[in-house]
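Single-structure report; data block below.
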Amino acid sequence: MCGDQEGVSVAHKASEEIGARPVRGRQGRILRRAGLAVSLGITAMLVSGCSIDNVWLRFGWPSGVTPQATRMRELWTWSIIAALAMGVLVWGLTFWTVVFHRKKKDSPEFPRQTGYNVPLELTYTAIPFVIIAVLFYFTVVVQNYVHEKVADPDVTVDVTAFQWNWKFGYREVDFKDGGYQFNGIDTAREEAAQAQLKEYEERVDTEHGHPQPGPVHGKPENDILSYLHYDTVETVGTSTEIPVLVLPTGKVIEFQLAAADVIHAFWVPEFLFKRDVMPNPKENHSDNVFQITEIEKEGAFVGRCAEMCGTYHSMMNFEVRAVSPEKFTRYLDERRAGKTNAEALAAIGESPVATSTRPFNTDRTVKSAAAPEAE
């Protein structure tokens with residue numbers, strides 16, 4: 001027996017002398033290489049640009065053209081980076097366990113088993129809650145920033161959605177530098193609608209002695225749209241013309257939303273924001289107003305309906321045309337002088353038609369493929 005032990009000892013020493021590496025040394029080298037690879041990957045991401053606004057770190061999101069969009073994109077980017085870091089850690093620990101804590105083929109011994117380690121288990125339980133709390137905090141901070149409203153925006157826009165297009169009206173323009181002011185409320189049309197509604201509401205049910213409510217949210221059946229706004233300068237889309245909403249850069253803009261029929265959704269991908277457009281917003285308890293601090297650059301940005309609303313929902317597009325404040329005031333002057341939207345755009349040197357999308361074909365009988373010829 002002693003001879004056998006001496007033989008094993010001699011063989012082990014001989015293997016070390018000819019360069020066999022201990023298992024612990026191999027594990028250390030693998031750990032160092034893995035750490036180096038992770039470090040290089042993180043370094044590459046950080047030095048790829050001083051800003052996280054690049055195609056790799058946006059992870060599929062648009063860059064955004066408003067301060068609100070930038071904050072949401074940054075939240076998205078850092079959330080993904082945190083998720084990736086946690087994924088690398090979890091998968092790394094998993095593969096480490098699989099590779100280095102398995103039973104060796106030629107060894108009768110099982111790997112060391114680690115269980116019922118209360119401090120370790122409490123740590124693993126607490127870490128996910130900490131991560132969730134941190135993400136929740138930053139989500140609430142960004143959400144509150146996006147939903148903030150000021151009392152006196154520079155431009156107030158009425159947005160009316162209907163199957164399957166849009167109407168935009170300029171309700172009020174008040175540049176704080178005193179450069180331009182405009183009250184676009186069409187009081188005649190709005191007062192007529194409210195007068196009709198008031199007349200109906202004052203009708204008395206002679207049988208019960210109280211006002212007679214209408215069939216639609218208490219309103220008359222032929223006057224369910226009295227909640228809509230009307231403006232003297234409006235742009236209405238048609239099946240042959242995409243509505244172009246002209247807005248100034250560098251100004252606080254408020255959007256007041258309402259639908260004339262079913263539920264729609266106002267969505268400009270470059271705003272990284274969408275909001276449901278409800279009929280009867282007040283009765284439906286919906287917040288139909290949102291603001292953007294500014295549009296940071298000029299350009300044409302496609303807008304879409306993001307709520308399934310019927311046959312041509314997928315083609316219910318519009319365009320936001322961001323121009324300088326000087327061009328915007330000239331555009332409004334052209335519209336107030338009686339020019340159409342296309343004519344006013346051409347007058348300020350802009351394309352008179354949408355450049356980010358195109359009109360749709362409303363012919364329900366059109367076919368995408370030619371019918372086979374008769375033999």
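Numbering starts at 1 and runs along the chain as it is shown here.
Glycine is treated like the rest: Cβ placed from N, Cα and C.
What Swiss-Prot says about this protein:
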TRANSMEM  36-56  transmembrane segment
TRANSMEM  80-100  transmembrane segment
TRANSMEM  122-142  transmembrane segment
BINDING   His264, Cys305, Cys309, His313  Cu cation binding site
COMPBIAS  353-363  compositional bias 'Polar residues'
REGION    353-375  region 'Disordered'
Helix, strand or coil at His313 (Cu cation binding site) [DSSP, three-state]: helix
Listed in sequence order, residues with CB under 8 A of His313 (Cu cation binding site) and six or more positions away: Trp164, Cys305, Glu307
Residue among the binding-site residues His264, Cys305, Cys309 whose Cβ has the most other Cβ atoms within 10 Å: His264
Cβ within 8 Å of the mean position of the Cβ atoms of His264, Cys305, Cys309, His313: remaining residues of the chain near Cu cation: Ala161, Gln163, Trp164, Val262, Ile263, Ala265, Ala306, Glu307, Met308, Gly310, Met316
Structural state of Cys305 (Cu cation binding site), classified by DSSP into three states: strand
For the compositional bias 'Polar residues' (353-363), residues assigned helix / strand / coil by DSSP: 0 helix, 0 strand, 11 coil
